[in-house]
Amino acid sequence: MLMLIAAANVSWFLWGREASETGPHLLDGSVLDRVAQFVMIVTVDGRIYPLFAFLFGYGMVQFVRSRLARNEPYREVRRMLRRRHWTMLLLIGPLHAALLFMGDIVAAYGLVALILVALFFDRQERTLWICVWILVGLWALNAVSSIIGGVAMAVFSPDLIPLMSKGMPDIQGMTVGQENYLWSIVGRLGMWAAGGLLQGIFSAVPITILLGWIAARRGILDDPASHKPLLQRVALFGIAIGWIGGLPSALTHMGVLTVPSWTFAGLDTLSGAAGALGYVALFGLLAAHWQTTPPAPVRWIAAAGKRSLTFYLWQSLIFAPLFSAWGFGIGGTVGTATALGIAMLVWLASIPLAVLLERKGARGPAEAVLRRITYGRGVTAKSKG
């Protein structure tokens, strides 16, 4: 899954050329670049952040259960959760955004978690489902209105579309295209504060976090072998809906559909959530298949997954100086396909590091910091298991 995060993020480090106004993908490039962009929009964009949000929500329930199993008071466990989420919002996320990547999601997840936990964590499953369906309904209304508005503009005012689709080179220029590193910090923080911080709220993230809670209460991923029929249905229909729902935006980006680029934004949000659930279900089925004797490569990838925060930040630590103008600056020349190839190499390079940490029985540095703050100074990591 960290491989998919790398693929989703790397296009944000390309600069110096015009990009889509609703995403990072360049508006030009070779045939291979355009094919890569099409595949990314259909299968990755808007699908991976909700996927991790689902797992983030699932992990919240597991965390609370593990602490309660150690006979810790529920109020103290809730305080631990709050400390964890405040740390994501006020420390890890802002530092990541300022120093490396304006598209940080750690703070956004922390903000959404603070809100949802305060409002809904102790609610019954029925209440969670009601909230999920209300959010889905609102996004469905948004999707329908956006499609109607975009099609109407294409029919009645087509001359306005080029004026609204000038692209977003200035955003890239203020961040990855900035030669002065200190000024790039200002640009990254500005873009993060203006949009990145709120991306968790105005997206499918709340929906998939709530669904992660529901799934964790039922123990679906704890014992995927016992939930194979459900996982098979979700994988089949979720991925199908996710990919089909991404086609209109991909065709718009390719110039096949002449509508404003925002026309299918609401559809992308809903289909992205479905695709994310489909991917989670697929990974659950694979986990069930390899539950007893997973092959070595699966164990290696799992070692990185156990340290996902560290290796999410690791990707930015490599991407930022490699692609940005203040570093080696290759983001101003390489295309989408080459960037994706580099992203895969960066992900692969993280696997041996994860295996080394696993053999030493060590957590990732980011997980260690987050854990220390979550539990407080009076409790050692060893005593907490």
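Yeah, the Cβs are placed from backbone N, Cα and C, and that goes for glycine too.
On a predicted model such as this, the values are computed, not experimentally measured, just so you know.
The domain 'DUF418' annotation in TrEMBL covers 215-376.
Positions annotated as transmembrane segment by TrEMBL: 105-121 (among others). Residues of the same chain lying 6 or more positions beyond the ends of the transmembrane segment (105-121) and with a Cβ under 8 Å from any Cβ of it are 49, 52-53, 56, 60, 78, 81-82, 84-90, 92-94, 96-97, 127-128, 131, 192, 196-201, 205-206, 209-210, 213, 309, 312.
Residues annotated as transmembrane segment in TrEMBL: 128-156 (among others). Long-range contacts of the transmembrane segment (128-156) within its own chain (CB-CB distance under 8 A, at least 6 residues past either end) are made by residues 120, 204, 206-207, 210-211, 213-214, 258-260, 262-267, 269-270.
Summarising the annotation, TrEMBL assigns transmembrane segment to 189-214 (among others). Sequence-distant contacts of the transmembrane segment (189-214) (same chain, six or more residues past either end, CB-CB distance under 8 Å): 46, 49-51, 53-61, 93-94, 97-98, 102-105, 107-109, 111-113, 115-116, 120-121, 125, 128-129, 131-132, 135-136, 139, 171, 174-175, 269-270, 272-273, 276-277.
Sequence annotations record features per position, and here TrEMBL assigns transmembrane segment to 234-257 (among others).
Look at TrEMBL and you will find 269-288 (among others) tagged as transmembrane segment.
According to TrEMBL, the feature transmembrane segment maps to 309-328 (among others).
The transmembrane segment annotation in TrEMBL covers 334-357 (among others). Sequence-remote contacts of a segment are chain residues at least 6 beyond its ends whose Cβ falls under 8 Å from one of its Cβ atoms, and for the transmembrane segment (334-357) they are 2-3, 6-7, 9-11, 13-14, 25-26, 29-30, 32-37, 40, 300-301, 303-304, 306-307, 311, 314-315, 318-319, 322-323, 363-364.
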Message: Using a Cβ cut-off under 8 Å, which residues of the same chain at least 6 positions beyond either end of the transmembrane segment (269-288) come close to it?
response: 1, 4, 43, 45-51, 53-55, 136, 139-140, 142-143, 203-204, 207-208, 211, 220-221, 224-225, 227-228, 230-246
- line: Long-range Cβ contacts under 8 Å made by the transmembrane segment (309-328), restricted to residues 6 or more beyond its ends, are 2, 5-6, 9-10, 13-15, 92, 96, 99-101, 106, 175-181, 184, 334, 339, 342-343, 346-347, 349-350, 353-354, 364-367, 370
Field: Mean predicted confidence [pLDDT] for the domain 'DUF418' (215-376)
entry: 94
